[in-house]
Structure formats: C-alpha cells, structure tokens
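Everything below concerns the one structure shown next.
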Amino acid sequence: MSYPQEVNKRRTFAIISHPDAGKTTITEKVLLYGNAIQTAGSVKGKGSSQHAKSDWMEMEKQRGISITTSVMQFPYNNCLVNLLDTPGHEDFSEDTYRTLTAVDSCLMVIDSAKGVEERTIKLMEVTRLRDTPILTFMNKLDRDIRDPMELLDEVESILKIRCAPITWPIGCGKLFKGVYHLAKDEMYLYKSGQGSTIQEIQIVKGLDNPELDVMVGDDLANQLREELELVQGASNEFDHQAFINGELTPVFFGTALGNFGVDHFLDGLTEWAPKPQARVADIRTVESAEQKFSGFVFKIQANMDPKHRDRVAFMRVVSGKYEKGMKLKHVRLGKEVVISDALIFMAGDRSQAEQAYAGDIIGLHNHGTIQIGDTFTQGENLKFIGIPNFAPELFRRIRLKDPLKQKQLLKGLIQLSEEGAVQVFRPLINNDLIVGAVGVLQFDVVVSRLKSEYNVEAIYETVNVATARWVECTDAKKFEEFKRKNEQNLALDGGDNLTYIAPTMVNLNLAIERYPDVVFFKTREH
C-alpha cells in the first residue's frame, strides 16, 4: 500500500465523558468490534479477575476507573483506528488535556439518564481550542432516560454545538426495542443479555413497514413515527463540513453495556472523521502527507511493565513513516538517536513496531532523556507547539516515613512529574518537597505509586501555598532584584524552571503589581 493510502486509512480519536457515563465499557465494546479482544470484560466485577482491558494500573484495577491514558489500535471497515483512552473519573490530570492534542476527532459519551455533566463541559472546552470534530453517543438506553429531544437541546445550548441525529431510539429502559437509522430508513432491533458478544441484529426496512408494529407493538411504533416527524422537522441534517469544523455533531443512541449501537458510531467515525491532520510547529505547519518523519511526545508513562522499571514516552506520528532502526533527531537536545525498539499498543499488550505512519501512536523507551512536548524529526529543527502544562490548583508538602529514603523520593517524584502525573516544586529556602496537582485523586495516585514502584512510604501535610506561576523576565538586573526580594516564595519545578509559589491570591496579585517587568505564567508550553 502506498504512503498516502496508509495515512488516509488511519483514524485517531479519544473518548470524552463525565465519570461513569460508560466510557470504559464503550472502549471494551469498540475493541470487541475491532476483533482485538474476544469477550469484553465487565468493569468493576466483584472479585473477578476480568479487568477492563484499558484499565491496567494497580490503583485503577482496585477502583474500576481509568486513571492513565492507554492507546489501542484495531482495524475496522478497512481503516486502522487508534483509540486513545483518557481518564474519566472526576479527578483527572493534565494528561487528559494533552491526550486531546494528539487526536483528530473525539467521541463524546453522554449518560442519557443524566444529560450533559460538568466534566463533559470541561473536556469540550479543550476540544474547542483546536475545533476537534465530535461524534456523540447517547448511552444507557437500556435504562430509563430523559426525553431524547431534551437531550439534544441540552447539548446544543450548553456545549454550543449543533446536533444531527443519525439514529433515534425506539423506547427506553425495559421497553427499549432498538433504534431507527434516519438516513438508511431502517430499524435495528435490540435483544438484551448479549453484551459481551457481537449479536446478529434484526433489521426492519422502512418506517411504514407493518412488520415494525408486529415487532415492537403498535404503541411504540406509532410513538416512533410521531417523534420522527418532529425530529425531521426540527433538527439539523448531517453536514460533513460543519462536522469537520467542529460546529455540528452526529448523534447516535444505544447501550454500550448491551453492546448495541456501538457499530453505528464506528461506521460514522470511519466514514466521516478526518484522516491524520496537519500540526502547527514553531516555524511552519507540518502536513501528514509529508514523507519525512516528525512526531511529538504527549505523555510519559512510568512502569508499564512492573517486571522492568521502564518508562515509555508516547509519541504521535505527525508525518512520514517510522521504520525500525531509523535515525531521528531529538530536537530539544540536538542529538541524533537510533530508535530500534519503538512499541505499538493494544491496551496493555505491547509489541515491537516494525513501522508506523502519520496518525499512529508509538512508544519510545525513555531513560530520563525524553520530556513531554519533545519533538523528533528526520533532521529538521522544528518544535510542535500547543502541548500545555497547567499551574496546579492544589498543593501538599510530602514527607517521608523513613528519612533515609530522600534520594528515592526525589527520583520518584521527578519521574512522576515528567510523565505529567503531578508537578513537584522545591523551594529555594529549604529542603521541602511540595507536590502540586490539578485534582485531589492525583495525590493518592502519587503516594500509592511511590510505594509500589519506588518502595517509598510517604505522607502528606498541608502547606501554605494557594497557587503557583512560572516567572520570566527579559531584564536580568530586575529579575535578580525580584529573586533576591522574593526568595521565600520561589521554587524550582521538576524541570528546574523558576516558579513563584504564592500563599494567597492576594499575595500573587501584589507581586504582579510590584514587578511589572516580570511575567507570571499560568500555563507553560512543554
């Protein structure tokens, strides 16, 4: 297959949702359709060893939530689909934001009993920054749901994106009978209790087909016809260009648990979602059709293989083709490196990548030299931009139970900060270690990983820090004066960048007023 054909058949997407909307279940079912796993493991099984395929870290296995981002590749409809799993529990980290910089489209999953929830709103704001095309799956139709028209209105008014229903539900809860496909004028009938296999779907052609009344009953059949008259009059038609621009979302209804409707959005994804897109770098825009290799690292994951203390850097291939043993330039370090052992992933199962194309995600073994945001090329000096680092909102001082393990603690924290799990600050005036996070769960994750991966027992104490900002100044003399007078509020982060740690917002605002030449940054590009 030629290079353009290889690139054009790739689809790289992530699933975004509020916790418990069914994202992990959908991930399972998607892999089932891609023949990647034989039976879909049910999440949160009581004492069962069947963990969902994408939740692979110890703490995730205990809690039944996906904390870290995994990558899964599978074939579907003559396409090669890369699914990036993002943490869905309510305390997610910047990892999630950064993963969204590595995809070309997203599937938004909504719990139809609840509608649009807070985390979905936050994640949609992130996709807006790049106008990412969005498909929508209204999940959990096997339960009692809100009125489908209401759900569409809510998405339109809160998320400011037009909805174009592609399928429409026939009943819900115990009366859920299937969906009607608006464009194909076909009904797909649902049978319960077949969630872990791909079921033979019974199809009824034509909305006026009397067979429909026999299959679902007169009441539901008439209700469906009435609803569809309204829907076809009041809702948007699917417009491919508006979808690509991120202005309109095709909406599918179904139940992930019952494994019904998942193939409908997969068909939509492979047919409509964009092939690998161009990416903006500091000096130019890089097109996916370019033959020379380029890619950027959007996440680092420590200890994916508990037997080896390894760290893997996940890289999105932007252009060109990776081949085993090729020589690449690590632009930030200005060094040529030979990459002979890159990995491709099938959620927890990894294998050596012989080759990879634009749109694919590969893993590089990282011995501490690769950072989030690093660019690799075939020699060109360019850096991909737009991979954010956020100022944390929560802070704790971390203390050892065994003071002799200070070295392991620092090593563990620096590694965890490099992979974006938390940020670490070392105040200039003492030997404290302050951990900053975007959400509370990250603190638990760090303590449990320090223990299981670095054999360090640590506890947290409160610390008088309200917020942090990275500081820079072009006037060296004024910067020195600023540093001298504010030493008690200055710290170095994991990458040795100078940071102002403020005990209160008032303190920060005063500092900003007093030192107009110093710039205080809330986010930092990697």
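Glycine too: its Cβ is placed from the backbone N, Cα and C atoms.
The shown structure was predicted, so the numbers you read here are calculated from the model rather than taken from an experiment.
The GTP binding site feature in Swiss-Prot is assigned to 17-24, 85-89, 139-142; the stated evidence is sequence analysis. Swiss-Prot lists 8-277 with the feature domain 'tr-type G'.
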Tell me, by DSSP, whether D20 (GTP binding site) is helix, strand or coil? coil
Other CB atoms, at most 10 A from the CB of D20 (GTP binding site): 19
Given the binding-site residues S17, K23, which one's Cβ is surrounded by the fewest other Cβ atoms within 10 Å? S17
Taking only same-chain residues 6+ apart in sequence, whose CB is under 8 Å from that of L141 (GTP binding site), what do you get? S112, P169, C172, F176, V179, F253, G254, T255, F260, G261
Let's check the environment of T86 (GTP binding site): how many other CB atoms sit within 10 Å of its CB? 23
